[in-house]
């Protein structure tokens, strides 16, 4: 026994607990916990029964309402003996009538909400092509497939056309025209501003141009010779074999081996200087080199944009074929004062 427990206050006023040992107190604690759990469970079960009673009554009322029309239809009685819903509702209390009326109103609302979802017509343009790819569908959906495929193809064509307009800055009056008529409308109504690159909206640079491969003297000689043969006729090999050998030797491509020797540029500024350049000399060399690049760029621009001569006689052409097509059609303009050529500061 513990002597210090005599002054301990017990809320339950059970003084016998002070005389119990530790094991006995633990057993009492276990029993008390078990009793508390059982009583709490009993209270919860009682509350559930109380809550389920109104629901059971309401369920009985609904079942009675459903069975009432069936019984009235089976018994072929007169119109005065048939019970309507209003007559049935008068047999119950006011609370029950309100609850049944609310349930009936909710059911009607559910039907009205679901009706638009069921009767909504599907959008034919948003249907996937994979829906028509099943062999189980047969030939019934053939017309739908054609309409859907035509819609998809037109949408792709319109997307490509819009991308081309954004790229070239084209604004057509008839946006519904297809891509073959796109360039015709541009030619009739619009001119491209070649003071800057219409594709990049920036100043021209040297890399926007490339040498024309059709301008080589050998190919030009071949074209002239073919034009001459078309008018006069080719000579026979037996009589003019020596002439044909000479022509074949002239038309060979050995001249392309040293093509860069014919177009050699001058030495860059400061190339022959033996000592290191000063700051002023370095800046002057940079300005001179930038001026050389500017002259080359302008020369290439003048050659590529000259539509008065045929394309095969232009020494330089644009690297983008779209620009060459615009030059051939003549739907562009530029001025020497507004021409922008990139110059590094």
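Heads up, the Cβ atoms here are built off N, Cα and C, so glycines get one too.
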From the candidates 100, 133, 143, 244, the one which Swiss-Prot records as phosphoserine: 143
From the set 179, 267, Swiss-Prot tags as phosphoserine just 267
I'm validating the feature mapping. Which of 187-212, 213-238, 265-290 is tagged region 'Disordered' in Swiss-Prot? 265-290
Looking at the region 'DNA-binding' (21-172) alone, can you tell me the average pLDDT? 59
For a quick check of packing: other C-beta atoms within 10 Å of the C-beta of residue 267 (phosphoserine), how many? 8
So how many of the residues in the region 'Disordered' (265-290) end up helix, strand or coil by DSSP? 12 helix, 0 strand, 14 coil
